[in-house]
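First comes the structure, then the notes that go with it.
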Amino acid sequence: RHAFKLCLGLGVKGFVFVLKIKLQTELLVWGRGLTVVKQVTELGEVAQEELKEFHLSTYFFVRYMQGIKALGADQKLFIEDLWFEKVPVRIYQPKAPSASPRRGVMFFHGGGWVFGSLACAALLPDEANRWLCLSGEYRLAPEHKYPAAYEDCLHASIHFMKNAEHYGVDPAQISVCGDSAGGNLAAAVSQTLAGRADLPRLRAQILIYPILQALDFNLPSYKQNQAIPLLFQERAAFYVLQYLNGNSSNLEQVLEGSHIPIDIKLNYRKWVSEDYIPERFKVRGYKPHVLLDCSTEVYETVKRFCEPNLCPLLAEDAVVQQLPESFILTCEYDVLRDDGLLYKKRLEDNGVRVTWCHLEDGFHGIINSFNSEWMSFSSGKRGLDNIVNFLKSL
């Protein structure tokens, strides 16, 4: 009885929080002025405080609610749960026969490496029914720290590529895709596979508002959108620390930028710097952040932030040059906007073809609302249409 009351209470509180998000986003869509943005930010700060009250206690509740979603029936798709190299996957296969091998899309869900499951990972099946879509599950933090999620996604992708013909898929027409933390994993997997001579080359990578670095949480988008749902600045740093170490120690230092030595920051400024963010994205009251040094003790706990498998934006040019054609989606009201902009520049500077979709009225997580009956946004549908059109162009 007590457990039921706890779950009910958390569920109601979470529902109220989502309603606030819906209201705030409508304000963003309806009004573009700085006054409206300020009002939304203030509302976001209230919601953020409420979220903190039950954040840790809802880990397992949210995972449970995500996991109970039934497979259901689909008139156009065969849907089946399988295992690839000890990694759970869900396959969405068109029922209609195909005269030639299909394209394949390997999708990794978001959720800050902490939330998410196969039940919430199906981004494309309704729209991309000409493709065979796979959603891959991975071990979650904080129970499973880095590089567990990356390794699961890599192993599942390699298994799919080696066995693509068994599923009627052309091995040369496989793409990886992910949103948020899933975009991070898709980017890391793509970089690793770029150097594999024993596997077919990936056809494309599709990165939907990805988190790609943890050196600087004070880029313009982080400061401008620090308290705008669905992802707050503090939560972004919190999640990446959960993924790295299984706890949020040194969160304050990560947020203020005193977790990486100045000499290392300066070395990476060629890739991670507000200087490479177009000026039009700095107009919403951004002020440059002062560089802070850090202690050896703090750096020792987070030094793996400099590994490209965790922060793909830091990969060497020799790796980036080998990456496949790319699609990057960013949202104006998203702390991760600038991660996407910086990676877009890196790819283009290294001769990789990039299709960029920027949602001027979008927020973090908006694509996931495309199939919601009561909480859908036209901007999310527009973003999804751009993804599908990109897939069709390959």
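Here the Cβ of each residue, glycine as well, is placed from N, Cα and C on the backbone.
Automatic prediction, not curation, is the source of TrEMBL annotations.
Note that the structure is a prediction, hence the values are computed from the model and not measured.
Annotated in TrEMBL:
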- 105-247: domain 'Alpha/beta hydrolase fold-3' (DOMAIN)
- Ser180: active site (ACT_SITE)
- 302-367: domain 'Alpha/beta hydrolase fold-3' (DOMAIN)
- Asp334: active site (ACT_SITE)
- His364: active site (ACT_SITE)
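Ser180 (active site) sits 8 Å from His364 (active site), counting Cα to Cα. Per DSSP, the domain 'Alpha/beta hydrolase fold-3' (105-247) is made up of 54 helix, 25 strand, 64 coil. When the alpha carbons of His364 (active site) and Asp334 (active site) are compared, the span between them is 5 angstrom. The Cβ neighbour count for Ser180 (active site), using a 10 Å radius and every protein chain shown, is 29. The residues of the domain 'Alpha/beta hydrolase fold-3' (302-367), classed with DSSP into helix (H, G, I), strand (E, B) and coil, number 27 helix, 19 strand, 20 coil. Around Asp334 (active site), taking its Cβ as the centre, 27 other Cβ atoms fall within 10 Å, counting all chains. His364 (active site) has a Cβ environment of 27 other Cβ atoms inside 10 Å.
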